[in-house]
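K.L.:
Provided herewith is a single structure, encoded as structure tokens, for subsequent inquiry.
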Amino acid sequence: MKFADHLTESAIPEWRDKYIDYKVGKKKLRRYKEKLDAEEEQSSSYRSWMPSVSVYQTAFQQREPGKSRSDGDYRSGPAFKKDYSALQREFVADFIEDWLISFQLSKCNEFYLWLLKECDKKFEVLQSQLHYYSLQKNYERDNLNRSSSNVDMSTSLYAAGLAGRSDSRVNSIDSDSRSVMYGSMPCTKEAKKPRLSLLAYCQKVLKDNRLLPSWPKRGFSLLQDLRQDASSRGRETFAFGASFLETMTTTQARNLLSNAIIEYYLYLQLVKSFRDINVTGFRKMVKKFDKTCHTRELTTFMSYARTHYTLFKHADANVQLVAQKMQQITSSQPTPTSELSSAQRDKEPITWLETQITEWFTTALTNSPKDRKHNTHKLKKLTIQYSISEQMVHRNNRSIVQMLVVGLGIGVSMTLITYTLYLGISSEETSFTHKILFPLWGGWYMVLLIAFLFLVNCFIWHRTGINYRFIMLGEIQSKNGTQFFNNDFATSKIPLKLYFLTFFIVPCAVCSMLSFALEKLTPLGFLYIGIVSFLFLCPSGLIPYWDKVVHTRKWLVVTLIRLMMSGFFPVEFGDFFLGDIICSLTYSIADIAMFFCVYSHTPNNLCGSSHSRAMGVLSCLPSYWRFMQCLRRFADSGDWFPHLLNAAKYTLGIAYNATLCAYRLSDRSEQRRTPFIVCATLNSILTSAWDLVMDWSFAHNTTSYNWLLRDDLYLAGKKNWENGSYSFSRKLVYYFAMIWDILIRFEWIVYAIAPQTIQQSAVTSFILALLEVLRRFVWIIFRVENEHVANVHLFRVTGDAPLPYPIAQVGDDSMDSSDLGSKAFSSLNDIPITPSHDNNPHSFAEPMPAYRGTFRRRSSVFENISRSIPWAHATDFQRPTVNTVDDRSPETDSESEVESIM
């Protein structure tokens with residue numbers, strides 16, 4: 001594999017702009033090659049190419065890293081004029097000094113320093129959490145044979161915690177953890193838990209499956225909170241109340257800390273990957289430059305970079321440390337891991353941090369040798385292997401078999417479905433086939449079509465480098481390691497999901513074909529419902545690869561239940577995303593009423609939308625569910641914008657479907673027509689504007705090259721490497737999407753102005769429903785792309801790892817027992833990880849917060865809203881926690897990394 005492809009495969013999507021632009025460098029070298037060849041042809045004399053002293057070796061050693069070079073300093077170096085030709089000196093100045101060092105290396109080094117700053121802050125939080133965990137474990141050990149209230153335990157725990165916060169916290173963690181680990185408490189088991197009652201068991205099952213209802217965190221104090229400072233607002237909530245700490249056990253705390261440490265360890269691996277692959281890229285780029293321009297700059301460049309840039313210093317220290325360890329292993333010398341890592345913190349901080357958290361994970365958070373062995377094995381699986389793609393994907397690529405089944409199944413199904421559509425459209429309008437079979441089976445077709453188009457969306461995101469899996473799942477699961485960042489089609493699991501969907505499409509096509517042929521709904525309608533139920537409940541061994549889609553089946557069922565009970569649960573990505581998709585499936589949902597009407601005593605000719613109120617009620621449900629989700633988001637975060645405005649939008653959606661139903665039931669009377677047109681017009685205008693401005697973040701930019709578009713357009717391909725602009729032809733897809741979305745939003749006009757025969761036609765309803773599904777297909781592409789853009793601007797690559805104990809600002813010792821209620825539940829990402837712009841010379845301009853709690857001083861309402869609009873889409877949901885807190889010990893992963901990919 002070429003290094004450029006390897007860099008593309010290994011690059012973390014959210015950090016892609018911070019890597020060395022290797023392909024641009026190759027294009028520059030090709031241009032230099034052409035100039036050199038042209039000069040060689042024009043030259044009549046032989047030109048000797050001799051190795052030289054570096055152009056920038058003497059002139060730049062006096063320059064501090066990060067400061068810009070003056071042209072006079074560079075051109076005044078004596079070595080600059082001595083050995084190279086004029087063209088060579090021009091290339092060295094333009095490529096190595098102006099582009100590679102001043103731009104590319106400075107960019108990578110500054111971002112690496114920012115990552116190190118973030119790693120240190122998260123490490124301090126975890127260090128504090130381990131200290132509290134040790135105190136709690138000591139407390140429970142000392143009070144094992146006597147009872148004490150949970151409130152007293154929390155108070156004494158944090159009193160001791162505040163008293164013990166000092167510079168020697170690392171040593172206290174080590175000593176405290178060793179005093180309670182299995183070494184000094186041989187095989188000590190926790191007190192036997194009493195048998196759970198039926199109610200407690202049901203609550204536990206619901207909590208494990210994210211189905212336990214919860215009160216909004218800010219629901220009862222929302223009016224008072226509206227006047228509080230913005231720093232206390234916008235916090236996310238999960239399925240835990242303010243008294244979370246009062247019921248926290250050491251096992252629950254250990255599980256939460258284990259998940260947080262795993263995610264932090266994986267984050268360190270990603271930082272190390274970023275550093276190492278960039279160092280390799282710079283070395284290879286200078287080597288290519290030497291080969292193209294006949295120079296010998298590699299040695300001097302590497303020496304200069306190791307001296308002046310932290311990126312190269314740490315990479316070189318890591319190589320030396322690995323070599324030292326290998327030498328000690330081969331010579332059978334003891335390796336003082338702790339002492340060595342402590343001495344290397346300044347030289348190689350990533351390795352030092354890895355050593356510390358490995359010690360915590362395998363010692364402080366284990367109760368037995370078995371737990372230690374399990375945790376050690378778990379960390380080993382998280383180590384990045386650059387050859388993972390070639391070794392695992394191409395040798396045992398099961399996706400080939402899965403795609404073969406998909407191709408055969410969908411190919412046959414499309415033939416049968418097309419024929420049934422022909423029969424339904426060509427049948428008489430009063431026939432059972434046209435009025436009953438065509439709408440009912442058409443509703444199933446819409447559900448399967450939107451599922452198939454969603455997987456097409458996944459392929460588009462996969463090809464354009466959009467990290468949709470992080471957005472969908474909320475975080476990187478530990479058992480999957482770093483495979484999400486390996487850009488191979490087999491690792492995307494798209495073939496597996498298509499394989500899963502094929503088992504629903506093929507039976508639907510066969511059953512619908514038989515139903516149309518026999519002109520009967522019974523028993524084929526019930527048969528297909530039974531097949532769908534069986535496929536969701538099917539044991540893993542009956543269908544090949546069915547054990548690989550257990551999580552998918554469970555996720556669909558759980559998310560659908562959470563959607564139907566919107567308002568009782570915090571809104572996660574899957575909840576709001578599935579809700580938006582179902583808003584485009586009102587045609588299918590309304591058919592549920594028709595299905596029951598067919599088997600009731602009602603005549604079949606009265607089961608259509610022109611006679612059924614139930615169909616109108618069901619068509620309002622998707623908008624109602626999203627309305628309740630918006631209210632829950634407002635109750636959780638306390639931010640009226642954009643959640644209340646979004647709720648108003650879905651209120652118009654309910655009004656639109658209700659007035660459409662009333663208009664149909666009134667036999668298209670003028671009295672009902674006017675309210676319908678008013679509601680439909682308002683709904684279309686607001687939803688179209690919301691799609692473009694809020695969900696897609698369009699129509700903000702009127703000055704740059706991308707008129708009305710964002711600055712980052714992943715579907716437009718690569719930017720021009722010379723001027724940084726996108727090709728206009730590639731940007732047209734965004735403008736077409738904007739026009740398409742607006743046009744389909746106004747498709748209701750057909751019901752208002754078309755002749756009555758067209759309005760009442762089942763074919764018209766089917767076509768309009770199909771257009772809405774296609775509009776949603778386009779909407780999904782740009783909605784997820786916009787979410788990815790937000791993650792890129794925030795450099796967000798991990799989810800929220802919940803922590804068992806309150807956290808304070810890093811370096812802030814002012815937390816006391818009064819904070820237990822307000823900070824009872826925290827996450828590793830609650831701390832301010834952005835470096836200070838005043839104290840850090842390598843700072844980044846991050847985007848404006850996606851939401852604001854209170855209006856800041858000297859800012860108007862309009863100014864606050866206008867600043868929030870570009871990032872408001874990120875507040876539609878809150879990221880799920882890493883794991884549900886329970887009393888179970890960490891379980892062994894059900895499948896290996898290889899099995900999870902294949």
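Quick reminder: no glycine exception, Cβ is built from N, Cα and C everywhere.
Okay, these came from Swiss-Prot:
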- 892-902: compositional bias 'Acidic residues' (COMPBIAS)
- 1-303: domain 'SPX' (DOMAIN)
- 606-815: domain 'EXS' (DOMAIN)
- Ser172: phosphoserine (MOD_RES)
- Ser179: phosphoserine (MOD_RES)
- Ser859: phosphoserine (MOD_RES)
- Ser860: phosphoserine (MOD_RES)
- 882-902: region 'Disordered' (REGION)
- 1-404: topological domain 'Cytoplasmic' (TOPO_DOM)
- 426-435: topological domain 'Extracellular' (TOPO_DOM)
- 457-497: topological domain 'Cytoplasmic' (TOPO_DOM)
- 519-522: topological domain 'Extracellular' (TOPO_DOM)
- 544-554: topological domain 'Cytoplasmic' (TOPO_DOM)
- 600-732: topological domain 'Cytoplasmic' (TOPO_DOM)
- 754-761: topological domain 'Extracellular' (TOPO_DOM)
- 783-902: topological domain 'Cytoplasmic' (TOPO_DOM)
- 405-425: transmembrane segment (TRANSMEM)
- 436-456: transmembrane segment (TRANSMEM)
- 498-518: transmembrane segment (TRANSMEM)
- 523-543: transmembrane segment (TRANSMEM)
- 555-575: transmembrane segment (TRANSMEM)
- 577-599: transmembrane segment (TRANSMEM)
- 733-753: transmembrane segment (TRANSMEM)
- 762-782: transmembrane segment (TRANSMEM)
K.L.:
At least three Cβ pairs under 8 Å linking the transmembrane segment (577-599) and the transmembrane segment (762-782), pairs spaced 6 or more in sequence?
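P.N.:
These two stretches do touch.
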K.L.:
So how many of the residues in the topological domain 'Cytoplasmic' (544-554) end up helix, strand or coil by DSSP?
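P.N.:
Final tally across the stretch: 9 helix, 0 strand, 2 coil.
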K.L.:
Can you work out which residues elsewhere in the same chain, 6+ from the ends of the topological domain 'Cytoplasmic' (544-554), have a Cβ less than 8 Å from its Cβ atoms?
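P.N.:
Residues 209, 398, 402, 496-497, 499-500, 535-536, 538.
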K.L.:
For the transmembrane segment (498-518), find every same-chain residue at least 6 residues outside the stretch whose CB is under 8 Å from a CB in it, and list them.
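P.N.:
For the transmembrane segment (498-518), the far contacts come to 402-403, 405-406, 409-410, 412-414, 416-417, 419-420, 423-424, 433, 437, 441, 444-445, 448, 451-452, 455, 524-525, 527-528, 531-532, 535, 543, 545, 549, 552.
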K.L.:
Quick check: do the transmembrane segment (762-782) and the transmembrane segment (436-456) share at least 3 Cβ pairs under 8 Å, counting only pairs 6+ apart in sequence?
P.N.:
yes
K.L.:
Could you break down the residues of the topological domain 'Extracellular' (754-761) into DSSP helix, strand and coil, giving a count for each?
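P.N.:
Counts, helix then strand then coil: 4 helix, 0 strand, 4 coil.
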K.L.:
When DSSP states are grouped into helix, strand and coil, how many residues of the topological domain 'Cytoplasmic' (600-732) land in each?
P.N.:
88 helix, 0 strand, 45 coil
K.L.:
Over the span of the topological domain 'Extracellular' (519-522), count residues by DSSP class, listing helix, strand and coil in order.
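P.N.:
Helix (H, G, I), strand (E, B), coil: 0 helix, 0 strand, 4 coil.
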K.L.:
Give the residue counts of the topological domain 'Extracellular' (426-435) per reduced DSSP state, in the order helix, strand, coil.
P.N.:
5 helix, 0 strand, 5 coil
K.L.:
Residues sitting near the transmembrane segment (523-543): Cβ under 8 Å, six or more positions beyond its termini, same chain?
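P.N.:
For the transmembrane segment (523-543), the nonlocal Cβ contacts are 440, 444, 503-504, 507-508, 511-512, 514-515, 550, 553, 556-557, 595.
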K.L.:
Against which stretches of its own chain does the topological domain 'Extracellular' (426-435) lie, if we need a Cβ under 8 Å and a gap of at least six residues from its ends?
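P.N.:
Distal contacts: 516, 519, 604-605, 607-608, 761-762.
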